[in-house]
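Under the heading transmembrane segment, TrEMBL lists 15-32, 161-180, 201-229, 262-279, 286-305, 339-359. The feature coiled coil is assigned by TrEMBL to 41-84.
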Amino acid sequence: MLKIETIKILKEKSLWFVFVAFILMLIYPLLAQPQQLSFKEMQYENRIKNNEQAKEKMKNEPAAKETLSEIEDESEQLRKAINAIKIGDEWALLEAEKKLEESNLNAMLKGTLYSIPIIEQQKRVKELQYLSENRIKQVDSSEVAKMPALNYLGFLLSMDFPYTLLLIIPSLMIIALATLEKRKNTVSLWNGLPLKLWKKYSIKISSILFTVGLVSYLSIFLSVISAFFKNGLGNPDYPVAIIEKGQSVTIISLSNYLSRSLIMFGMLLLALTVFSFLLSLFTGNLIVHSLLIVGVVLSSGVSLISNKFFFTSYMNFPKIINGGNGYEPMDEIGLTFDFSLKMIVVYVLISLIVSAIVLRNRKGLF
């Protein structure tokens with residue numbers, strides 16, 4: 001029966017339209033036209049020009065001797081970085097950038113440089129140091145279209161890519177499938193099946209979850225395959241800097257980061273499926289479903305109340321796994337990956353129990 005229900009769902013033409021739209025959305029960043037001049041090269045050349053202007057202004061100030069020396073050292077490293085870009089020497093570029101960022105961090109800690117949040121600078125330095133120590137080739141985060149497959153997947157699951165886009169399309173699929181019987185007037189057919197109510201319930205939820213999971217993960221997989229054929233696989237040990245307890249920077253491997261992200265993404269799909277089915281026991285109205293389920297997905301970014309026990313707090317899963325960042329710090333320090341997974345499981349179990357109680361007091365599934 002589960003197989004029959006899944007096949008019936010997969011025959012829905014609208015599902016395949018959503019599938020294609022999801023894939024196109026995920027591969028769109030890969031289609032960007034490469035810049036004629038490296039973004040880094042342009043950035044570094046502008047910094048050299050700014051340094052020269054600053055030196056000209058301070059050259060007659062006796063108190064600026066140390067600052068002038070620091071500016072000259074920075075310009076020297078910038079020239080080395082530009083030269084490395086031009087000749088294609090990735091290791092020389094890595095070493096030059098490492099020294100640049102270490103110097104910037106020291107200046108920020110001394111209070112002589114005001115730029116990005118210090119913890120973001122610490123993340124940059126830690127990643128560059130790890131790359132240098134482990135002889136791992138650096139991937140330019142400013143050129144998404146050139147990212148290898150694993151790094152591209154990391155980008156899709158990072159705070160740089162809107163988490164709402166990853167969850168909205170699967171949510172719309174869940175809503176459409178949870179209300180399918182009432183919209184197509186096949187409720188009497190379902191209720192007439194010679195199966196126990198709990199079995200019908202299990203079949204319905206399992207078929208929805210399987211279909212949505214298949215479409216979602218297959219879309220992600222195909223986008224990664226596209227990046228693989230274009231730019232190669234990438235290194236699973238590539239460093240990802242995350243923030244722990246809102247104050248310390250830790251390096252985890254890219255494979256670890258991807259595993260956490262994909263697990264949490266799957267758990268959120270499970271929770272949204274169970275919630276939507278519970279809602280379908282009371283109403284099959286597509287608009288009501290859309291307002292409530294999509295509202296849950298979007299509410300994480302606009303919630304006026306921040307609490308790590310609220311389900312809406314887990315929607316922004318990239319932020320949770322990254323521990324926030326210097327621009328968007330975690331509102332709740334205890335909102336960790338492990339805690340979030342446990343709470344999602346609790347919400348799923350509560351929803352299943354409530355659904356069972358509702359079903360116990362009625363004869364039909366809908």
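Cβ atoms are placed via backbone N, Cα and C, with glycine included.
Unlike curated records, TrEMBL annotations are generated automatically.
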Residue numbers, six or more beyond the limits of the transmembrane segment (161-180), whose CB comes under 8 Å of its CB atoms:
9, 12, 14-15, 18, 21-22, 25, 29, 155, 186, 207-208, 211-212, 215-216, 265, 268-269, 272-273, 276-277, 279-280, 284-286, 289-290, 293-294, 297-298, 301, 315-319
Taken over the coiled coil (41-84), the model's mean pLDDT
84
